[in-house]
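Notes for the one structure printed next.
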Amino acid sequence: MRDPVRPSQLRPSGPRTGIPGQIAVTALFGAVALQAVRLAGLPGDAAGWLAASVAWLLGCVLVAALMRRSYPHDRLGGGNIVTLLRGALVCALLPPLLAGEVGGWAVAITGGVAFALDGVDGWLARRSGLASDFGGRFDMEVDAALALILSLHALAGPLVGAEVLMLGLIRYGFVVAGWFRAWLRAPLPQRLRRKLVCVMQLAVLIALQLPVMPADPAIWLTRLMAMVLIWSFVIDIRWLWQHRRERRAGQIG
């Protein structure tokens, strides 16, 4: 997935009492955005939209709690606001999935907007001087959630089989592996390769939602993207394995 910002030496300092209020306002705008895409034609029944709204609000509460613990700045910033709103668009993809009305132009456009905004949040954070390791990780997790939901849409559609789950689950498999091997949780150096692979991954998943996508190209595109993802993760795992002893020696020293 995407690179987080390099871990900062900064610790949360100064009052951050305004951040929960800023998140609450963003949550309100996100709820409005959910209703807007619903009215614009994104399918789903009432139960699905209720589930999406609950997921969105719980996500905002979780972000507020995590920011209180590890966010080093005293205001939310435009970058994190955009990332939060991208999360609302990811939640908006749940109702059509739960209703069995997968894929289609509305899903592709909603996913495409969430994807396009991925280039905006990091730029805003850097421009405002509010870039942080938390913001980079937050952005990466929204990307992972978007990939997972889009892969489930594609799986439930008529074009591809279970191989598409590799595009949505590989990041989570890596995280779970890190629960059992501490060296897999170490920070990775930033690499352009990782960012490009993430862009390709999401672009392919959005393309799979298009009604005009032929079946044969969809299958081969999915398989090729799965191989590219595996290649990228193997490179990262190899790097972490090679440097595990150095980190262990540094901790002992």
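Note that Cβ sites are derived from N, Cα and C of the backbone, with glycine treated the same way.
The structure displayed is predicted, hence computed values, not measured ones.
Listed features, source TrEMBL:
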TRANSMEM  21-40  transmembrane segment
TRANSMEM  46-67  transmembrane segment
TRANSMEM  79-98  transmembrane segment
TRANSMEM  196-214  transmembrane segment
TRANSMEM  220-241  transmembrane segment
Worksheet, complete the sentence: Between the transmembrane segment (46-67) and the stretches 21-40, 79-98, 196-214, 220-241, the largest tally of CB pairs under 8 Å belongs to 79-98
Worksheet item: How about the transmembrane segment (196-214) and the transmembrane segment (79-98): do they have 3 or more C-beta pairs under 8 A, pairs 6 or more apart in sequence?
Response: no
Response to the item:
Per the Cβ filter (under 8 Å) with a sequence gap of at least 6 from its ends, the transmembrane segment (220-241) is approached by 154, 160, 163-164, 166-167, 170, 174, 183-184, 186, 188-189, 193-194, 197, 200-201, 204, 207-208
